[in-house]
Ligand code: F6P
């Protein structure tokens, strides 16, 4: 393999830059040319492809966001879009790809490989940590720390005013951010998409805590919880406990930005090296990940369709520690 492309796709995540840097430098180390594809599949279709050298990735290991930019491309979901992307890769003589992203990114890569045979190795880059085949995804650790920092501040004001705060954290299909935030932030309740918990249980838990003279409360809601987002949950609770002074905070995209933590820089660098070396060794349609501290390559099919389960022990911890 003489020339590869690298791109970031889907929601950005802190550490993506560290991963790009590792991909570029590992490729150069192995004598392979590297091209950066801007704006994910969207830039691949349009031919927004630029040569990267070692200085292109200098001074980015510590920066949030992604120098290659990111996008969610509707056009790549069509055969016509994928054909255009393939033509662009052929024009640029790109023989293999490193795709940094999440579920949607790998679904696209799998389809692309099926149709056009371009080998791709994936790097798990998403704050959601919802990918099977790696204990942690790039950006997750930073996002949890960012959310937790905000939650600590909310706790201060909640305590001063004897209020309940319903705090929404990211995670469309996953409670991976919500759970450590609940444990680390001392929340009374956590609501996650992976586990059904009725509003009645939430109300009962809050009523019991109020009887014990607790005066401030934190309820962490993952945005994809089936009872609804934090605003919906808060409204339902306020109907049942009108005397409770409640507020809602949506932490939002702050969770996606900022300098990556040490853990994310390390993970991103490890995975970036592994992705290129996987390609060099003839791998395709797999994601590089770390499971039990060991490097593993998991087929895209499994990363997409196998469900990474939440840790039930952690859910129990929230219950015990909020007594
Ligand atoms: O996949 C990462 C993520 O941040 C999810 O947690 C969230 O639901 C989604 O992206 C938001 O996407 P967008 O920035 O496109 O609104």
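Cβ coordinates are placed from backbone N, Cα and C, and glycine is handled just like the others.
Lifted from TrEMBL, the feature list:
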ACT_SITE  128  active site, proton acceptor
BINDING   11, 72, 73, 102, 103, 104, 105  ATP binding site
BINDING   21, 22, 23, 24, 25, 155, 186, 187, 188, 212, 214, 215, 216  ADP binding site
BINDING   103  Mg(2+) binding site
BINDING   126, 127, 128, 163, 170, 171, 172, 223, 247, 253, 254, 255, 256  substrate binding site
DOMAIN    3-278  domain 'Phosphofructokinase'
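Residue 21 (ADP binding site) is 28 Å away from residue 172 (substrate binding site) when you measure Cα to Cα.
Comparing the Cα of the residue listed as 'active site, proton acceptor' with the Cα of every entry in 21, 186, 214, 256, these being the binding-site residues, the smallest distance points to 256. For ligand 1, there are no nearby binding-site residues; that is, of 25, 105, 186, none has a C-beta under 6 Å from one of its atoms. The ADP site in the record is lined by 21, 22, 23, 24, 25, 155, 186, 187, 188, 212, 214, 215, 216, and its two most distant CA atoms lie 58 Å apart.
Looking only at the binding-site residues 11, 102, 104, 186, the densest Cβ neighbourhood within 10 Å occurs at 102. Residue 256 (substrate binding site) has 11 nearby among the binding-site residues 11, 25, 73, 188, counting only those with a Cα within 10 angstroms of its own Cα. The binding residues for substrate are recorded as 126, 127, 128, 163, 170, 171, 172, 223, 247, 253, 254, 255, 256; their greatest pairwise CA distance is 33 Å.
Checked against residue 25 (ADP binding site) by C-alpha proximity, the binding-site residues 103, 126, 170 yield 126 as the nearest. Look at the Cβ of each of the binding-site residues 23, 170, 254 and count the other Cβ atoms within 10 Å; the largest number goes with 23. In the structure shown, the C-beta of 25 has more C-beta neighbours within 10 angstroms than that of any other entry among the binding-site residues 25, 214. Each residue in 9, 10, 40, 101, 107, 108, 126 lies on the same chain as 11, 72, 73, 102, 103, 104, 105 and has a C-beta within 8 Å of the C-beta centroid of that ATP site, without being one of the site residues.
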